[in-house]
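Undergrad: My structure is below; once you've seen it, I'll send some questions.
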Amino acid sequence: MTTSLLSFLILSFLVVAFAGNFNQDFDITWGDGRAKILENGQLLTLCLDKNSGSGFRSKNQYLFGKIDLKIKLVFGNSAGTVTTYYLSSIGSSHDEIDFEFLGNLSGDPYILHTNIFTQGKGNREQQFYLWFDPTKDFHTYSILWNPQSIIFSVDGTPIRQFKNMEASGIPYPKAQPMWIYSSLWNADDWATRGGLVKTDWAQAPFIASYRNYNVQACVWSSTSSSCGSNNSTTNSWLSESLDSTGQSRIKWVQNNYMIYNYCTDTKRFPQGFPPECSLN
């Protein structure tokens, strides 16, 4: 991290760490009553029917953070549906860090789709099967975003890392604060087998459930006094990286459960892969 970036963080942000109440920390942003906060703020559900999906967004914006969210995905025939959980800024040059869960026919596995946008440019897709049924229980999906790297994890197992490679001329999301978003919506024009399988509305309403979120992050604020403190335990995520065990786990996941990697798609990139593919 450069000295100027560190100084900017210290002057502009407040580190928070909370595992709390959906009522206090999130706003339902669309869905006309289809999203509900229940159990005194401990449970949030999103609903999709033929008329509309639904979604929510964090009240705060963050610049760097570690976010854990427990999700139980749509049960049964979820073909055509997409459940999303992502960080994003706004504007045509936005940054974004994506989890998307692509539904499927009963008995067929969900596809976990990941992507990273920097300065409005994405096209960094990696897709995975999961090693469990994500509809039977809640599982923890985590995004670690710090100045060194972005790490996607599932139940504590890292599945993908995107390193800061600015020294090699590759943009990295470090200057735009992002909100936490989630939504459940109909995408049967592309979500399941390229759009060949459509949403079966006889199965509606479709429900995704959320609980037990945990946020350790720098809140975007021009008036806050600090993003750092002397508490290295509280703020250890700011410098967290993968150790040898984490690297081994990523290799295990990618060797056994990765089903698409943009960095190996020769048909898509006949003139050569994006530069980060040889560096990341």
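Glycine residues also receive a Cβ, built from the backbone N, Cα and C atoms like all the rest.
Heads up, here are the entries from TrEMBL:
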type	residues	note
SIGNAL	1-19	signal peptide
DOMAIN	16-210	domain 'GH16'
ACT_SITE	E96	active site, nucleophile
ACT_SITE	E100	active site, proton donor
Undergrad: Show which residues of the chain containing the residue listed as 'active site, nucleophile', separated from it by at least 6 in sequence, have their CB under 8 Å from its CB.
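TA: Y86, L87, S88, S89, N115, I116, F117, G122, P173, M178 - these are the non-local Cβ neighbours of the residue listed as 'active site, nucleophile', listed in sequence order.
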Undergrad: Tell me, what is the mean pLDDT of the domain 'GH16' (16-210)?
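TA: That stretch averages a pLDDT of 95.
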Undergrad: Sorted by position, what residues of the same chain at least six away from E100 (active site, proton donor) have a C-beta under 8 A from it?
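TA: Once residues fewer than 6 apart are set aside, E100 (active site, proton donor) is near V82, T83, T84, Y85, Y86, L112, H113, T114, N115.
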